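The active site, proton acceptor annotation in TrEMBL covers 43, 74. Summarising the annotation, TrEMBL assigns active site, proton donor to 202. What TrEMBL records for 7, 18, 203, 224, 225 is 3-amino-2-oxopropyl phosphate binding site. The 1-deoxy-D-xylulose 5-phosphate binding site feature in TrEMBL is assigned to 45, 50, 111. TrEMBL lists 162 with the feature site 'Transition state stabilizer'.
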Ligand code: PXP
């Protein structure tokens, strides 16, 4: 059984298009949790294009007392403090999610579009992972399905990897799909063998999720974009159930 963590960035994006707090991400997190979501994910960025620091604080207050739901905060560990954005690691240290997923994204990227190159950034990441461990949270690294890189993730102390599934999703329906799927399968098997858990995310949807979730020991998927779009037509409660059914 793979856990479903719902990424609520897009609810915040709609909210930010007006003044005020409508729609409220916390109210939608409650709907997801009521329908059996196993986790809530957010991705705060220095430009606050969607999730803002106060969203992270309010969602932490909602989710952390719940024993059966995890709070996952993902983002760039090197993102600095700007204005009322306290810096990614400071925000994580303040709000203490169950899991922190480190992602090598920049403000100039529309969305995360690659995993870490640990040959160049591993040395800088290691003390950050140690700090997060000392605070008591699980650390996951956003990774491409590259076996040599996954070995490095183990060496610098990651508890889990999150496989970047964007290329897998883009290959859906093409003859590139099967080779890409096999790469992810091999990456997941290596990670498991090394003692790291495996998560996955990006562009997963109601069509491509079941195949990806056939990967043994896939612990969690985080899904936001397609989930939000599906919620527009199906309603959020039913959308959670549809995604959960594919993971069951
Ligand atoms: N994982 C990471 C690291 C992400 O940045 C995102 C997008 O915020 C996701 C998973 C979820 O991707 P999507 O919104 O395409 O489902």
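Cβ atoms here come from the backbone N, Cα and C positions, even for glycine.
Where the annotation comes from TrEMBL, it is an automatic prediction and has not been curated.
On a predicted model such as this, the values are computed, not experimentally measured, just so you know.
What TrEMBL annotates, mapped onto the structure for a quick look.
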residue: 7; record: 3-amino-2-oxopropyl phosphate binding site; Cβ contacts under 8 Å, 6 or more apart: 41, 42, 43, 201, 222, 223, 224, 225, 227
residue: 18; record: 3-amino-2-oxopropyl phosphate binding site; Cβ contacts under 8 Å, 6 or more apart: none
residue: 45; record: 1-deoxy-D-xylulose 5-phosphate binding site; Cβ contacts under 8 Å, 6 or more apart: 51, 75, 76, 79, 85, 105, 107
residue: 50; record: 1-deoxy-D-xylulose 5-phosphate binding site; Cβ contacts under 8 Å, 6 or more apart: 9, 10, 12, 13, 16, 43
residue: 111; record: 1-deoxy-D-xylulose 5-phosphate binding site; Cβ contacts under 8 Å, 6 or more apart: 105, 202, 225
residue: 162; record: site 'Transition state stabilizer'; Cβ contacts under 8 Å, 6 or more apart: 74, 101, 140, 141, 142, 143, 198, 199, 200, 201, 222
residue: 203; record: 3-amino-2-oxopropyl phosphate binding site; Cβ contacts under 8 Å, 6 or more apart: 165, 166, 168, 169, 170, 225, 226
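Counting every protein chain shown, the Cβ of residue 74 (active site, proton acceptor) has 28 other Cβ atoms within 10 Å. Under the three-state DSSP scheme, residue 7 (3-amino-2-oxopropyl phosphate binding site) falls in the strand class. Filtering 7, 45, 50, 74, 225 by Cβ distance to ligand 1 (under 6 A) retains the following recorded positions: 7, 74, 225. In three-state terms derived from DSSP, residue 224 (3-amino-2-oxopropyl phosphate binding site) belongs to neither a helical nor a strand segment and is classed as coil. According to DSSP, residue 162 (site 'Transition state stabilizer') is assigned to a strand segment. If you draw a 10 Å sphere around the CB of residue 225 (3-amino-2-oxopropyl phosphate binding site), it holds 15 other CB atoms from the protein chains shown. Spread of the 3-amino-2-oxopropyl phosphate binding residues is 26 Å (greatest Cα-Cα distance among 7, 18, 203, 224, 225). Take the mean position of the Cβ atoms of 45, 50, 111, the recorded 1-deoxy-D-xylulose 5-phosphate site; other residues of that chain with a Cβ within 8 Å of it are 9, 13, 43, 47, 49, 51, 105.
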